[in-house]
Ligand code: 5GP
């Protein structure tokens, strides 16, 4: 997605050799008009899939999924919770996700009320790096006996192992941009 590549080059910044910061439009401030273009593009990429619900993970995934939903007929958006909360139902699907950016494992939960057997689920998230968040969401879909229609990612870091892990297990993976390398602050797209 050319527009997204330009946005990353104009507004993104690099931290170290593998972290891209896009706080101005995706991870802190939200560029709603731009996210709407992202939502449209997800609809194009998954136009042939049956999708009943979108599943994402808090926090940044919520905005992406909510805006995208409107291009899929305003289907429900469910976000998996990673922040501990006393209010969450006790009856949950739960999985563990290791975060390389934070160097810790955390628990990800969805109430059993909101993922149901036989539903067709599209998973959306902001970044794909080592694939742990995406695999965790896939695990939640499987625990619910729902079907994973695909995984849509805004920014894939193609130099990390996420794609190969997801393709190995047959996931229909669509990333709107793939970064091949981040070298001395220079971003190269595939
Ligand atoms: P994975 O589970 O694929 O290793 O990492 C994906 C998750 O880590 C994303 O949901 C995102 O929150 C975070 N993440 C990984 N790499 C980056 C990055 O370069 N920039 C930002 N902003 N988040 C990242």
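Residue numbering: from 1, along the chain as shown.
Each Cβ is built from the backbone N, Cα and C atoms, and glycine gets one as well.
Within 10, 27, the residue that TrEMBL lists together with 20, 157 for binding xanthine is 27. With the fewest other C-beta atoms within 10 Å around its C-beta, 20 stands out among the binding-site residues 20, 133. DSSP assigns residue 20 (xanthine binding site) to a strand segment in the three-state reduction. Under the three-state DSSP scheme, residue 157 (xanthine binding site) falls in the strand class.
Annotated xanthine site 20, 27, 157; additional same-chain residues within 8 Å of its Cβ mean position, judged by their own Cβ, are 12, 19, 21, 22, 126, 127, 129, 155, 179. Among the binding-site residues 20, 27, 157, no residue is found with its Cα located within 10 Å of the Cα of residue 133 (5-phospho-alpha-D-ribose 1-diphosphate binding site). In this structure the alpha carbons, written CA, of residue 157 (xanthine binding site) and residue 129 (5-phospho-alpha-D-ribose 1-diphosphate binding site) are 5 Å apart.
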